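Input: a single structure, listed below in structure tokens.
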Amino acid sequence: MSARWTSAVLDPQITGGWAVARSPEGFLVDANGALFPRDWLKRQDLDVLAEHGIGHFDGEPVFLLELRSTAEVPGCGWRGLRSFMLEGDFDLYKVLGYAAQIGTWAREHRFCGSCGQPMTQIRWERAMYCQPCDLRSYPRISPSMIVLVTRGDEILLARSPRFVTGVYSTLAGFAEPGESAEDCLVREVREEVAVEVTNIQYVGSQCWPFPHSMMLGFHAEYAGGEIVMQPDEIEDARWFNVHDLPPLPAGRSIARYLIDLYVARRSGLPEPVLPR
């Protein structure tokens, strides 16, 4: 959270406030951004699946209108969440990232996973409830580790076939049941590039709402092994000198922060700050 944005469970029965609208194509925007007067937005011809009270931005209540489909609204368009992450007001991006996670979770938990009956929102906590099963479902968060492996002035970067052409990044992967973040790190590095690491240090974390990851950032030192790329997962992996790096991930991502932080420390430059 930030001084401007705090999440909260708000009753949609209350009036007023701001609202954001999310469709399969992203968030509704106009020349002023993605926040709209709630009363005005609810008067538009929108196919609303559900409404969620999600928190306060600059002291004002904020609600999410989760839509079944995209609609035409005069003077407005639709914009994907990633573009908000890359540029603009980062506090607003956090509002939209939270909204996206809540909208995705509630959409995917409309029916009980045990008995198949419809679930209802609990008004006093962020949960969906099945009365026949007495079962609560809470928002999903998927812990993932992301690590910069270093060897003196060299850093180990890789690229996936899914990356933007030419871009290299740090190694990352989801934690498995029963694993610590450190266990996950060692396993993922070994699986993806067949390298062993040591001196694992936690650096920081970042919410990654695509759709519901929590990125746990680490630095680790190379301990041994030759790079062997995991088929279908790693397109290329190699050591790069900190003074001769390839195209890198977006500046607001934790992947870029891990790289920039290490380069700054090796070069005696001011350390960057991780956007939170």
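Cβ atoms here come from the backbone N, Cα and C positions, even for glycine.
Of the residues GLU154, GLU226, GLU233, Swiss-Prot places GLU233 in the same divalent metal cation 3 site as GLU188, GLU192.
Looking at 63-84, 173-194, 195-216, the range annotated in Swiss-Prot as motif 'Nudix box' turns out to be 173-194. For the divalent metal cation 1 site that Swiss-Prot gives as GLU192, GLU233, the extra residue drawn from ALA172, ALA255, ALA264 is ALA172. For GLU233 (divalent metal cation 1 binding site), other Cβ atoms within 10 Å of its Cβ number 15.
Shown are the binding-site residues CYS130, CYS133, ALA172, CYS207; the one with the most C-beta atoms within 10 angstroms of its own C-beta is ALA172. Distance noted between the C-alpha atoms of CYS112 (Zn(2+) binding site) and ARG82 (substrate binding site) is 30 Å.
Ranking the binding-site residues CYS115, CYS130, CYS133 by the distance of their Cα atoms from the Cα of PRO209 (substrate binding site) places CYS130 first.
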